């Protein structure tokens with residue numbers, strides 16, 4: 001080979017290497033441009049999603065617009081929104097696919113809430129089922145023992161405020177535990193009372209605990225559950241009330257012929273809150289509440305850094321709660337009116353049932369136990385069924401359907417006099433009454449804002465209960481105007497409780513239909529606060545940017561191809577599942 005040819009070959013080789021290097025650099029620059037473009041597009045998409053999700057939640061939790069135009073629009077859309085079904089696929093009635101999405105700890109939280117609500121109901125009905133024996137032991141009338149139930153109802157609101165504030169701002173776990181600890185104490189104490197005043201004292205404390213337990217239990221049971229499963233779980237959750245009644249009736253009969261029948265009933269009931277306390281101690285705070293408090297604390301830290309926050313004392317926190325009521329006052333009043341209707345329906349259809357079948361119809365104690373058990377079983381089945389049905393109908397329409405059917409069933413339940421007719425129609429009456437109640441836990445969660453959910457839902461429930469606490473007294477007083485039999489001395493011996501319960505329950509069904517029709521509904525709304533949504537979107541953006549930047553570095557260092565869409569599924573995961581230290585994330589988020 002000549003020197004000229006050798007030189008030409010070297011030049012050709014150099015030109016080839018230069019061309020190859022230029023192509024590599026060009027390829028890397030192109031990939032860098034593509035990946036930067038991908039980051040920009042993803043961040044823009046996240047910002048749009050954040051803006052839209054935040055706007056929707058902010059609209060839900062905004063103060064009411066009471067302009068004439070908005071009021072007209074609201075009432076004009078009550079019927080159209082009612083019949084605008086969330087889903088028309090009958091497969092929606094199958095809860096199994098959504099329930100399969102729940103993990104082990106979510107099931108633990110749900111059954112904890114359910115058990116706590118059943119335990120509270122068990123404690124309440126222990127007094128009503130054993131009322132005559134308690135009265136005889138303490139040497140007072142049954143009416144005075146009934147007053148003990150009224151004391152419980154009156155003090156529930158105080159418990160709802162105390163534990164609602166605690167639950168919304170400091171912990172889901174410890175208020176839950178303290179409520180059950182109080183139940184355990186008063187159930188033991190009730191079995192040892194010797195005087196009527198001691199009885200009133202322990203039942204008053206029980207009222208405070210019962211007022212606080214609803215908000216804690218509902219939040220624990222439902223907040224971490226997948227959205228599609230919450231309707232079924234809402235209905236299942238409220239069966240705890242019926243389970244409590246059945247447990248009280250069953251164990252009252254079990255201990256009836258012991259040496260200390262009603263005392264043993266209360267002592268036995270202590271086992272439930274003790275088990276619940278031990279169970280709850282084994283689990284951490286719910287994920288929802290952990291993220292809510294984290295967002296609040298980091299936001300507070302940034303305000304302190306900017307000199308806009310000097311810390312809040314107890315008085316400032318009370319003012320903050322007052323401001324929440326100022327913002328949500330209309331919705332809060334509506335919830336009270338709605339829950340008053342629900343409680344009147346429950347008490348009106350249940351409180352005098354045993355009195356009617358015992359005093360008016362003369363049924364045996366065994367027959368009464370069977371009737372009450374079947375009646376309660378109808379409530380359990382109805383609550384679960386309607387809870388899932390509202391995935392198809394929505395919240396308001398489900399309640400209205402139940403109210404209409406309840407109005408149709410009151411006559412055969414209370415006016416027909418045979419055991420078979422009362423058991424059959426009573427089963428279906430309580431099916432729709434408690435079925436409507438199955439809507440309430442999730443409906444209230446959706447109506448109340450994230451930072452005041454336990455307080456507003458619990459307090460509205462207990463104030464509605466307080467408003468309806470006189471229902472049994474009202475029915476009894478009206479019954480005095482409808483005597484059925486007199487003795488030889490001309491004294492009334494029997495009253496027509498059935499007629500009064502028919503009219504009263506029918507009227508309440510109409511009221512419930514009307515108040516539900518005019519009310520709002522936020523079906524499947526996002527239960528998070530705006531702070532939580534913005535934080536989650538920001539963390540997605542940060543994870544996406546970090547991962548894609550790592551891909552760029554690998555490309556520049558190794559010259560290897562790197563997919564710009566690196567593990568996008570992972571990047572879009574919830575911040576609840578991230579294991580990274582979020583301190584700097586919060587700092588960057590609030591600076592942005």
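The backbone N, Cα and C atoms fix where each Cβ goes, glycine too.
Transmembrane segment is the annotation TrEMBL gives to one range among 307-324, 397-414, 451-468, and that range is 397-414. Taking TrEMBL as the reference, the stretch among 69-87, 88-106, 107-125, 126-144 described by the feature transmembrane segment is residues 107-125.
When TrEMBL is compared with the stretches 174-193, 474-493, 534-553, the one noted as transmembrane segment is 174-193.
Of the given residue ranges 24-43, 44-63, 264-283, TrEMBL assigns the label transmembrane segment to 264-283.
TrEMBL lists transmembrane segment for one of the ranges 420-440, 567-587, namely 420-440. Against the transmembrane segment (329-346), stretch 500-519 shows more Cβ pairs under 8 Å than any other of 174-193, 199-220, 232-252, 366-385, 500-519.
Tallying C-beta pairs under 8 angstroms between the transmembrane segment (366-385) and each of 145-167, 264-283, 397-414, 420-440 places 420-440 first.
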